[in-house]
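Q: What follows is a structure written as structure tokens; I'll ask about it next.
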Amino acid sequence: MKKYIFNHVFFFLMLCGSNYLYSQDPWKLSADKPDSNNYYGETVANGMIGIISSPEPLKVKEVVLAGTYDIYKRGRVSSFIPNYNLLNMKLAFNGESVQTYNINNYKQELDMRNGAFTGSFQFKDLATVTYSYYALRHLPHCIMMVVNINTQKDTEINVENLLETPSSLNNQQNYFQNITNTHVNIPLLTSVAFTPTGRSKIAVSNTFLFDEGKKLQPEILHRMNDADMHAMSFDKKIKAGKTYSFALIGSLISSDHINDPYNEAERLTIYAALEGKSRLLNRHMQEWNSLWQSDIQVEGDPQAQQDIRSMLYHLYSFTRKSTSLSPSPMGLSGLGYNGHVFWDTEIWMFPPMLLLHPEIAKSMIEYRYQRLDAARKKAAIYGYDGAMFPWESADSGAEETPVNALTGAFEHHVTGDVAIAAWQYYLVTGDKEWLKEKGWPILKATAEFWASRVEKNDKGEYEIKNVVAADEWAENIDNNAYTNGTAIRNLQYASKCATVLGVIAPKEWTLIADKILISKMSNGVTREHDSYTDQNIKQADANLLAYPLKLITDKEQIERDLKYYQTKIPQSDTPAMTQAIFSLLYSRLEDSDQAYHWFKDAYQPNLNPPFRVISECKGGTNPYFSTGAGGVLQAVIMGFGGLDIDAAGGIKQVKSVLPKNWKKLTITGIGIEKKTFVLTH
């Protein structure tokens with residue numbers, strides 16, 4: 001296999017010259033005649049606001065706001081809150097409302113390159129309507145929908161934007177005003193409410209944006225339905241053969257983001273309105289163009305190209321730089337997993353983002369750093385030293401796992417996962433100042449935890465007892481392979497960090513790491529835990545010692561473990577990450593057929609129509625599973641691409657193999673130097 005590395009920034013845009021197969025357009029996912037009975041929404045997001053599509057025209061199913069949690073109908077722990085729908089629009093022609101049943105030629109399309117969701121339809125013989133909405137990438141709390149109406153006959157339209165306070169919010173107040181001066185008139189439809197316990201205030205504000213000047217724009221009417229609902233609307237007569245365009249702009253923000261969300265929501269809406277549609281779209285597209293400087297291009301497998309780009313799109317959509325936000329397993333695609341942060345971030349989503357966009361990965365690890373004190377408190381109340389990160393984390397950093405799940409008290413490997421991510425960030429970026437200020441406190445505190453967590457046995461070995469494994473079907477077991485492996489790496493990396501910074505680390509860290517128990521069964525296979533015999537497992541565990549931990553490097557051992565545990569994964573009710581690890585390891589073993597088989601098995605059985613969104617399990621109906629996307633992207637980048645985080649710092653390329661039907665794999669914008677890697681047969 002030939003491998004080429006370019007040190008300059010290289011960006012290649014693969015264009016599809018024909019739309020003969022929508023399913024294989026490298027940048028667009030399309031749905032003709034969306035069927036509400038077989039429809040799983042697509043998400044448009046900017047790392048702060050997520051908008052989930054609806055099969056109904058001019059509607060969205062749900063809006064998700066990152067960073068705001070409260071207790072609501074999901075046990076006694078916090079969760080994302082059902083929020084205001086900013087894009088709740090009604091359109092009528094000559095008094096007849098647009099509905100799914102009275103339109104023709106209905107199509108929806110996600111433009112991944114530009115972060116835009118578009119719907120189009122014909123309303124009887126009167127007009128063709130196209131609408132596109134955006135979670136504006138440069139304005140994290142703002143969205144926009146642009147509507148274009150092309151008339152075939154004279155018609156009069158009525159457009160209404162409805163703000164309804166969801167039942168999850170309390171003590172709502174509704175406001176309407178016109179901001180008027182000599183050159184503009186900006187109508188503001190605003191609602192303010194509190195989360196269920198009153199912990200946070202949420203504010204939303206909408207306005208219409210017209211191409212006409214102040215004197216020609218339609219009159220805006222305000223209507224109060226009841227205490228929970230109000231709307232603004234306008235009428236407009238349009239001549240046959242004309243195109244009429246308008247936009248709806250909205251802002252959504254909470255007291256978790258800023259002290260005064262009510263005023264700031266209105267300020268942001270006014271700002272966006274006066275920026276104007278063209279400037280907003282230009283800035284939005286510039287931001288997406290910048291994101292796509294880091295891309296994956298596949299030649300020879302059009303469907304794989306589209307699917308991989310969809311995975312990139314979703315991870316880019318669910319994250320953003322210069323924040324302390326970190327994605328949940330479902331990203332911003334809904335309320336799944338309560339919006340909590342798990343190990344899914346550090347082990348599955350963080351590595352591809354670290355290589356593609358270190359500045360975004362920095363936000364993910366910043367999330368953990370800001371909650372380090374909470375992790376110290378958890379360690380203390382469980383009788384340990386240092387810092388013990390929660391299995392499920394939200395805004396405070398306290399444990400948020402429902403009490404009926406044993407993972408909250410016993411799945412301790414997440415602490416090592418956080419430390420590993422911190423060290424990887426330093427290796428890729430070489431940011432020594434960050435390492436001193438934030439990386440070292442994380443690595444030191446987590447190493448102190450493991451030093452107090454291990455138990456020395458009669459043989460002088462160190463054991464870690466009574467945990468829930470990465471294979472979560474194994475509860476309250478001793479010496480879980482992956483948990484012990486993360487402890488080893490955590491202690492080793494903390495010692496290395498101390499050396500880099502010229503700090504003296506406790507000698508016991510290295511001594512303990514060298515003697516933590518990793519055992520084998522009589523057949524030579526790495527044993528998942530002390531009481532493991534031959535049970536089925538929920539997900540990869542012992543195999544993770546080969547990657548990402550790289551504690552097992554012998555190829556025969558890696559293959560032995562693969563061939564054993566790949567037979568222990570049931571075909572249903574197991575999460576999508578496992579097969580991605582199998583694919584990655586087979587790529588590095590240069591077994592092309594097995595690598596490609598597990599690559600496809602990692603996500604294709606999990607796809608849902610019409611946009612091929614990924615669910616957590618095979619046949620599942622809970623997309624979008626961004627954890628699975630992160631795993632598959634690692635199979636492509638670190639597996640087929642052979643990219644690897646060098647223990648000495650930076651990114652290197654190890655021996656790997658492409659699928660036989662892939663002619664070429666190009667990975668652009670890697671690391672802080674934005675390198676390009678090209679692989680061919």
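Heads up, the Cβ atoms here are built off N, Cα and C, so glycines get one too.
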Q: Could you look at Asp431, Asp514, Asp573 and say which one Swiss-Prot places alongside Trp473, Lys538 in the beta-D-glucose 3 site?
A: Asp573
Q: Of the candidates Thr407, Thr483, Thr486, Thr526, which one does Swiss-Prot list alongside Arg74, Trp391, Glu392, Glu472, Lys538 as binding beta-D-glucose 1?
A: Thr407
Q: Which one is it: of the recorded positions Glu472, Asp573, Glu616, which Cβ has the fewest other Cβ atoms within 10 Å in this structure?
A: Asp573
Q: Would you kindly give the Cα-Cα distance separating Glu616 (active site, proton acceptor) and Trp473 (beta-D-glucose 3 binding site), rounded to the nearest Å?
A: 16
Q: When you measure from the Cβ of Lys538 (beta-D-glucose 3 binding site), which residues in the chain that are at least 6 apart have a Cβ under 8 Å away?
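A: Sequence-distant Cβ neighbours: Asp471, Glu472, Trp473, Thr574, Pro575.
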Q: Whole-number Å only: compute the distance from the Cα of Glu616 (active site, proton acceptor) to the Cα of Asp573 (beta-D-glucose 3 binding site).
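A: Roughly 9 Å, rounded to the nearest whole number.
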Q: Compute the mean position of the Cβ atoms of Trp473, Lys538, Asp573, which form the recorded beta-D-glucose 3 site, and then list in sequence order the other residues of that chain whose Cβ is within 8 Å of it.
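A: Other same-chain residues with Cβ inside the cutoff are Asp471, Glu472, Asn536, Ile537, Gln539, Pro570, Thr574.
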